[in-house]
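Written below as structure tokens is the structure these notes are about.
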Amino acid sequence: MNILYFVRHGETSWNKSKIYQGSTDIPLNSTGLQQAKLVSSYFKDISIDDIFTSPLKRASVTAEIIAKPHCISVKENRNLMEMNFGQWEGKCLSEINNDWPGMIEEMYINPDKVKIPDSESFQDVQKRTMRFINDLLDKSLQKTYVIVSHGAAIRTMLCGLLDIPLEKGWWLGQSNANITCIYQLSSGRNILHKLNSTIHLMK
């Protein structure tokens, strides 16, 4: 059995202000750094074979903090980067609603059909995230991995692994510094063991 732990990065100032980040490289704020330490505490007694991360700082710093007690070198992979939100990046919800009325609501209802100006599509994000996942699992047997990534990117991987239609991806909660876990059985069947768990942040 392979075990996949998905961790969304800790909080940033843009998360707190509800500003779309996407591919913009925003660092963790003080809360995010503390969250990453609490995630690290959760994993300290779990045997981990590898830790993979998006190269964006909010994810890579979260991953480095998780890795420190295990003396593991974090492996960056660009396929784990957040969706490029195009012209929405750097804008808050009210600005987007003003410039593109109704488009936010439509994105959450039909993410596979909405095309944000100059952005990646959800299908394109899923193609690259699942390329990473499939390459990883093709050569894995009884491994435990931690994958540190981003809200939209993680949702596309969960949809791919669990055969959930991409348009339902926003139904899967992904809070900052949450832990989601999937077991892949020897038969190849994937089982959702834990979704959007934040109990470790309540210490």
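Positions of Cβ are set from backbone N, Cα and C atoms, glycine also.
Automatic, uncurated: that is what TrEMBL annotation is.
DSSP assigns W14 (substrate binding site) to a helix. Remark: W14 (substrate binding site) has Y20, Q21, T24, I26 as non-local neighbours, by Cβ distance under 8 Å and separation of at least 6 in sequence. The substrate binding site annotation in TrEMBL covers R8, H9, G10, E11, T12, S13, W14, N15, R58.
Classification of H9 (active site, tele-phosphohistidine intermediate) by DSSP places it in coil, neither helical nor stranded. TrEMBL lists H9 with the feature active site, tele-phosphohistidine intermediate.
Per TrEMBL, active site, proton donor/acceptor is recorded for E82. According to its DSSP assignment, E82 (active site, proton donor/acceptor) is coil. Spatially close to E82 (active site, proton donor/acceptor) yet at least six residues away along the chain are Q21, G22, S23, S54, L56, S149, H150, G151, A152, A153, judged by Cβ distances under 8 angstroms.
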Q: Between H9 (active site, tele-phosphohistidine intermediate) and R58 (substrate binding site), find the distance joining the two CA atoms and give it rounded to the nearest Å.
A: 6
**Q.** Distant-in-sequence Cβ neighbours of T12 (substrate binding site), under 8 Å, six or more positions away
**A.** Q21, I26, P27, L28, N29, G32, R58
Q: Check each residue in the chain of G10 (substrate binding site) that is at least six apart in sequence and keep those whose C-beta is under 8 Å from its C-beta; list them in sequence order.
A: L28, T31, G32, L33, Q34, Q35, A36, V39, R58, V61, T62, N176, A177
